[in-house]
Amino acid sequence: MAEIAPSILAADFANLQRDVEMINSSSADYIHVDIMDGMFVPNISFGIPVCEAIHKHAKKPLDVHLMIEQPDRYLQAFRNAGASGITVHYEACPHLHRTIQHIKELGAEPGVALNPHTPVEVLSEIMGDVSLILIMSVNPGFGGQKFIENTYRKVATLDGYRKKFGYNFKIEVDGGVNLGNAPLLVREGVDILVAGSFVFNSPDPTQTIAELGRS
Ligand code: DX5
Ligand code: ZN
């Protein structure tokens with residue numbers, strides 16, 4: 001069993017309210033909100049006003065994934081825009097400990113994300129301070145990409161740290177998640193599956209969310 005965070009990046013942006021309400025009425029646990037700045041990643045998604053608009057209709061907590069440079073400048077703004085959890089990238093944060101403390105002070109759940117090439121070991125000194133570790137299973141920036149297979153090993157290593165040291169962080173995987181890889185990910189220790197195109201491109205997104213949750 002996994003928690004499910006449908007990624008709103010794959011929604012129909014001209015019908016955001018409809019798609020947020022679909023997620024509300026589904027068994028999803030969060031709404032995953034992807035923020036891209038065209039600098040940390042090549043793509044630009046949307047910003048604070050859209051996050052606020054999603055929050056206005058959302059009945060599930062917003063899991064905000066900041067794929068941006070210098071995220072410290074925007075933590076307060078995304079918290080005000082309704083973020084329950086704020087995840088920053090390890091690769092974008094030279095003072096990650098300070099950034100994590102800042103997110104906590106704002107009353108949000110702090111998360112840290114790792115690009116596919118970044119080993120989980122780099123987080124060994126911060127694992128006890130975060131609520132969530134997000135393993136990117138594609139290179140961040142776009143929906144609809146192919147799942148990268150080294151993700152299983154990274155999840156297993158992270159789960160090993162968690163067991164050995166008694167940490168409480170959840171493990172989230174993001175990118176290319178589908179019904180084929182979901183059960184394997186859960187077996188390695190994943191708690192939260194993010195899924196964008198697999199949910200929104202399916203004939204019955206509500207049903208797909210339920211099926212993923214049974215993984
Ligand atoms: C990718 C984003 C993902 C994306 C996943 O940079 O962080 O959250 O929406 O989309 P799919 O599930 O289509 O790979
Ligand atoms: Zn994401």
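In case you wondered, yes, glycine gets a Cβ from its N, Cα and C as well.
Feature annotations, courtesy of TrEMBL:
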type: ACT_SITE; residues: Asp34; note: active site, proton acceptor
type: ACT_SITE; residues: Asp174; note: active site, proton donor
type: BINDING; residues: Ser7, His65, Gly141, Phe142, Gly143, Gly144, Asp174, Gly175, Gly176, Gly196, Ser197; note: substrate binding site
type: BINDING; residues: His32, Asp34, His65, Asp174; note: divalent metal cation binding site
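Close to Gly141 (substrate binding site), meaning Cα to Cα within 10 A, are the following recorded positions out of Asp34, His65, Asp174: Asp34. Between the CA atoms of Ser197 (substrate binding site) and Asp174 (active site, proton donor) there is a gap of 11 Å. Of all the binding-site residues given, namely Ser7, His65, Gly176, those whose Cα is no farther than the 10 Å limit from the Cα of Asp34 (active site, proton acceptor) are Ser7, His65. Closest by Cα distance to Ser7 (substrate binding site), from the recorded positions His32, His65, Asp174, is His32. Checking the recorded positions Gly141, Gly143, Asp174 for a CB within less than 6 Å of any atom of ligand 2 leaves Asp174, listed in sequence order. Residues Ser7, His65, Gly141, Phe142, Gly143, Gly144, Asp174, Gly175, Gly176, Gly196, Ser197, recorded as contacting substrate, have a largest CA-CA distance of 17 Å. Annotation for Gly176 (substrate binding site): same-chain Cβ neighbours under 8 Å, separated by at least 6 residues, are Ser137, Val138, Gln145, Lys146, Phe147, Ile148. The Cβ of the residue listed as 'active site, proton donor' lies under 8 Å from the Cβ of Ser7, His32, His65, Ala113, Leu134, Ile135, Met136, Ser137, Val138, Pro140, Val194, each of these being in the same chain and 6 or more residues away along the sequence.
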